[in-house]
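Taken straight from TrEMBL:
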DOMAIN    15-137  domain 'C2'
DOMAIN    176-311  domain 'C2'
DOMAIN    738-863  domain 'C2'
DOMAIN    910-1033  domain 'C2'
DOMAIN    1148-1266  domain 'C2'
DOMAIN    1381-1532  domain 'C2'
REGION    440-468  region 'Disordered'
TRANSMEM  1622-1644  transmembrane segment
Amino acid sequence: MSLCGHLLHQDLFSACGSLQGHIHELMFHTIFSFQISVTVIEARQLVGLNMDPMVCVEIGDDKKYTSMKESTNCPYYNEYFVFDFHVPPDVMFDKIIKLSVIHSKNLLRSGTLVGTFKLDVGTIYFQPEHQFYHKWALLSDPDDITAGCKGYVKCDIAVVAKGDTIKTPHKANESDEDDIEGNLLIPEGVPAERQWARYYLKIYRAEGLPRMNQSIMANVKKAFIGENKDLVDPYVQVQFAGQKGKTSVQKSCYEPIWNEQIVFTEMFPPLCKRMKIQIRDSDKVNDVAIGTHFLDLKKISNDGDKGFLPTLGPAWVNMYGSTRTYTLMDEYQELNEGLGEGVSFRARMLISLGVEILDPSSPDITSSTEVQVEGIPNISEVVTHLFVSQTATGKIEEFFLFGSFLEATMIDRKIGDKPINFEVTIGYYGNEIDGVIKPKTKGKKGDGDEEETELIHNSSEEEMDDDGDLASVATTPPMKPVITDRNYFHLPYFERKPCIYIKSWWQDQRRRLYNANIIDNVADKLEEGLNDVQEIIKTEKAYPERRLRGVLEELSHGCKSQLFFSQFLSLANKDQNQSGRTKLDRERLKLCISEVEAIGQQAKAMRSQVKKSTVRDKLKLSQNFLQKLRFLADEPQHSVPDVFIWMISNGKRIAYARVPSKDILYSSIDEERGKECGKVKTIFLRIPGKKGFGPAGWTVQSKIEIYLWLGLNRQRKDYLSGLPNGFEENKLSRGPGLPSSPPISLTYMMKQLFQLRVHMYQARSLFAADSTGLSDPFARVFFSTQSQVTEVLAETLCPTWDQLLVFENVELFGEATELRDDPPIIVIEIYDQDTVGKADFMGRTFAKPVVKMADEHYGPPRFPPQLEYYQIYRGNCTAGEMLAAFELLQIGPNGKADLPPIDGPTDMDRGPILPVPLGIRPVLSKYRIEVLFWGLRDLKRVNLAQVDRPRVDIECAGKGVQSALIPNYRKNPNFSTLVKWFEVDLPENELLHPPLNIRVVDCRAFGRYTLVGSHAVTTLRKFIYRPSDKQANNFSTTGMDKHEQTHFPLLLLLPCTFCHITHPTTLRKYAYPTDGSGFRFLLVYAKELENEFDSFEDWLHSFNLFRGKGGDDDDQNGADEDRIVGKFKGSLCMYKVSDDMSRDMNFDSNMGMFQNIPHNDPINVLVRIYVIRATDLHPADINGKADPYIAIKLGKTEIKDKENYISKQLNPLFGKSFDVEATFPMDSTLTVSIYDWDLVGTDDLIGETKIDLENRFYSKHRATCGIACNYAIHGYNVWRDPMKPTQILAKLCKDGKLDGPHYGPGGRVKVENRVFMAPTEIEDENDEHLALTVLNHWEEIPRVGCKLVSEHVETRPLLHPDKAGIEQGRIEMWVDMFPKDMTAPGPALDISPRKPKKFELRVIIWNTDEVVLEDDDIFTGEKSSDIFVRGWLKGQQEDKQDTDVHYHSITGEGNFNWRFVYPFDYLMAEEKIVISKKESMFAWDETQYKIPARLNLQVWDADHFSADDFLGAIELDLNRFPRGAKTAKQCTIEMVTNEAEMPMVSIFKQKRIKGWWPFFLLFQGKVEAELHLLTGEEAEKSPVGEGRNEPEPLEKPNRPDIALLWFLIPFKAAKHLVCDQYRWLTIKIVTVLILLALVAVFLYNMPGYMVKKMLGA
């Protein structure tokens, strides 16, 4: 059974209360095999410059990387990764898948993170088909949430569990997939634009932590430290979306107070469902978990129109895990980690959660997503200054739990006969270790007047006074068990029933539980009704639609009436308990009311649409209502903890049961009351932890009948009212004047005597418990303290016991009417009797008897009871069905004389064994069973000896027939006598038919017989022959009216689209060119051909033979595959024997009903196998790739195409055909395998598929060679079959005894009064076209018509024997078969892969414009760039070509006239360039890559002494790129960013194109280029040179002359320095110099002038 089947499985044990709900938990405890496959296709719009990106796929701790692509922002990878896991599903679904894009990662550096995307595995698994296909993951930067989108990664992600199959979705158009926004990788319903949000998890405090060891460790610590401290250092760890946060550690504290909040920053809505909150004990060596709680965000939010963000609390959450008893090695430690159902209360924690949507534009936002831990004020300060426990989370109330053990039976004898007692706990109350803990607020009840008045109001009951001395009684007195039978004990309670009672103190949040009970009440009624409908459909009773209408009517009525209670009580509750109500309480109440109302309206609308034809569809929709109601009933904010019941033997805890507190919670209103409150409930105790789920846990540890009541202490008035009447209370004497306590035991004075009659008729499909593949089954029936067994039937999986078991004088306590309405459960266990050792457990089922009271009449409609099928379970698996009836008859005052007599068949003498009475056993009729013995196949050795002389024995209901002996199995495995028959008495009711057993024995020397294998045909209905059907379909005798003639229009004969497609799994078509008539199409089936044609078992069936013991694995199907030892081929036909059976004139009496079947003599066949390709192969090499090749095995012929392996491919295209000669029946199984070639060592098997050729060969669907859509005698369309359509049609008509075919004028052909028409274009082959028309619609022919196999390709899964149930890839192929005694077929079709065509792309870079100016001249300060252009074809980075450099461009203009030449190989059909190259220097051979045809152009600034500067780039998809602008002015960036509105061209159609295109990324610029595409032949005829070289050289560009630049530079530099940069400084210097000159002249001239003046000159 697949995991999906497990998860959708309905609750198996609806009869036994305590096992309800455990199936889901059991499933999440079981380890499964998972395979996650991720295909990284490409990335787009990566933010960054000239990147070298690679993608990292990380799941848990596993990381895998794609190759690195150079110099591109939109890399193409198409790389496939597989991750294998072997873990429980809940662990798997919580794992995070993280896709990261990293820039420039290599051996020496870790690279720069561009962006990440993450989601959990569960999100993928619960998608349709468990996958996302061709979706775009939006990348964001975890270190900068304000940065926005960092790019997109296109990928496929699929999660497969064992048994799941994944369908490849229909491939959309490339243009559709290029719509990134419309194809984001998010589940349906999640908005495309997700926002960043903060998740604030506030952790206030915890209490009730289990006491660590108080003796040894405490004494040791006391000796060293000198004081006795609490031995626990708790802290809280929270995991969410792959991140982890921790609170501080509170040293030595059993009641830690943290008052901290952990803040996560994650996208909203998150793609990770659960938050894991764990209390851990800090330790220097190893921290251990104390308890774990999972917060499901879906349950605390609503995404509807009136929805709300995730919110919780402040509220207490309860944590469950291993027992509270401290041991150094805790064997149940994994329960504390959250794996599996907790077996004891561990702690409770006060938390709250809030979510705030962030505004990235806000300036005060922190951009990192790192987890933050902050302190918060105490909750009492937040809410009020009163006590926390009384206000913030609700008023503390005293709760009272009462229980009475009425019966303890089926106690496993392995436990031993030491005294046994039961312990009941609720939270940390009732546990022997913890003792009685009263809250600190207990003594402060006078906090408000309200409580005092309540106490006074209830003072009429003396127990209700505040009596601190009243102790709890949580355990029953130890009692020595008494033997029931060889497997089980019971406790001798008899009239005296022990009781327990516990007082506990909790916040009064009963309203949450009441609301859950109201919804559960509606859901329970709905589930019961839906189960009824399913049973009616299964047993084919009349009018299931009426019952479904009634169920929907009841649902709509229930939703309306429960709504009234909800609204009324919620209003009352608002006033009563305002303090403890949270936002989530209010929002959930609104949600529940609106959802329940909507369900009611939908159910009412659906009721009128239920008809007989739609009942199954409406049943599925009704199941959705049930799921929604169960979801609403699951309360995320906890209240009173669950109740645990432990069975203790000699002080050791043996087995437990967990009872949800809401189920036993009392309310005065019926709808709010728990469904088990004040009722006697049957509970099965089980072993805790993992052991409870394996074979050890299949044995019932104990079955108890217990009465439970939980409510407020002041509501105790009627807590005993639900017990069976007729008891006296035994109380502890408290002394005079003290109030009496609740009873510690009850003594029953009233009891009823009954007789139980168990009518065990038969069982079928039981578990194979012996090595022979059979069992020796007997049934053991338990009721109350008695048990009885049926007789042992040897070597069968389908025993017919036909036995009545009578249980005399069964004592049941209580009132007779109560027992009639709710009788105790009967347990039936099936065992395999072994000659040595103990009997093996084979399965268990439960039943409730029909009760007849002494004063009731024994007659219809209730009596005698009808035989019914009961499903048998072995652990988690179904293990057969049991047909039985049960009646419980009250023994009245007159004793057994009043009981109805037992009327058994008179002709049976079985000693003391009573047969099933006549009124109950089925009415029998005489049937004849005819058996077609065809042959045996693939028989394995038995006890190391080969099977040589096998025989088949058929047995049904004690009668049978033997086949002829096969004298030499290896020479010819077919039988010489084909048909034999036998007569047998079988029930009239077909549902009660016993199985038919097929056994194969090997007849060895000295008269020895060895069982080879067996098969049980559990249902014979498909083999029943009904003569009326034949009359209805026998058109040949009745003839046809003229109005019934079918005329097929011309459209049906056109090729291509109008081929008849039989099944929705036909998902796509192959096309290949025909001789001028367009394209010819092949149907491609997404599954095996057998799926389309019912395994080709139209008349010849294959029955797998089993041998060996059944597996103890939960996956029974996987275990059964290992037990298959061969196949029996044949068929069955059964019919009632009557005198008036009409026989055909040509009836062959030797063949019985199997007329006109072919002979089974050996036949030589040419088998032609076409293998097209394999997809998604499992990697077999360390590098994550494989080197696959094909291996074919048929009989003794083995072909290994090792020389033609395909290097490093997981999606290899083979295009091979193989011819193998075979002889049927010896060579009937074809095995096609894919192996991984290894240079050293043996080659590894990747996967294989097996095909039964014989069934195909003999099938009426004619699977030998597919029928084409049209007939052609040459070209690709050539007719492959040696027989022409006319010959095939003539043979079919002859074999089916049909009239025709009659070919008429005007393109008409008549077959059996049906006329078909076809076009008459080709005169010479007209009849062939007409015949082909009939063949393509052969299913329209009456009586013998069936769908013929069309020309096709089938997709088969590849499986590996060591990895059962998980696909290792798929193979696309087809098989043709041609008998050697007929005309030889033509040569095989050539399906070799298309050869890529050689092309040459010539790119002329004419000019650039507006390129950004990157350089500043040091001297002149001018902006300039030294521009050059680089180009290459994607995938051919090593063939980069650069233009020369246009130096010193000061306008951004560059002139080049430079030619790039790129030769490449191209596949037109796939639109991919094909590149073959070695991955590395160490690679053995070349690897072929197929990548999209994309031209990359980049513009750079050349630098002499530093790295060149990147200025911009453009990538053109040569199949679809924007048409170039005519002028530079018309060229804008919108040409690239707004492609949807731009005219697009393809170079493969246009051949030559010239224009301007924009460079983009962070800079701007434009390039004028000319693209010219030539084929390889054209390029050879007209060669050109690269750059400006010959031949056909280009002119040199007209660039500004820079020859005198060196001469002019000094003048320019001086001008720049003087006039621009240092103008004012120059003026100042010149002024100062002039002044200095003047002063100097003055000083120079002044002496002479003064002398002249003095001398008077």
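Heads up, the Cβ atoms here are built off N, Cα and C, so glycines get one too.
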Quiz item: Per the definition of 3+ C-beta pairs under 8 A with sequence separation of 6 or more, do the domain 'C2' (1381-1532) and the domain 'C2' (15-137) touch?
Solution: yes
Quiz item: What is the three-state DSSP composition of the domain 'C2' (738-863), stated as helix, strand and coil residue counts?
Solution: 6 helix, 63 strand, 57 coil
Self-check item: Which of 738-863, 910-1033, 1148-1266 contacts the domain 'C2' (15-137) most, counting Cβ pairs under 8 Å
Solution: 1148-1266
Quiz item: For the domain 'C2' (176-311), what's the model's average pLDDT?
Solution: 84
Quiz item: For the domain 'C2' (15-137), DSSP counts of helix, strand and coil?
Solution: 23 helix, 60 strand, 40 coil
Self-check item: the domain 'C2' (176-311), counted residue by residue under DSSP: helix, strand, coil
Solution: 19 helix, 56 strand, 61 coil
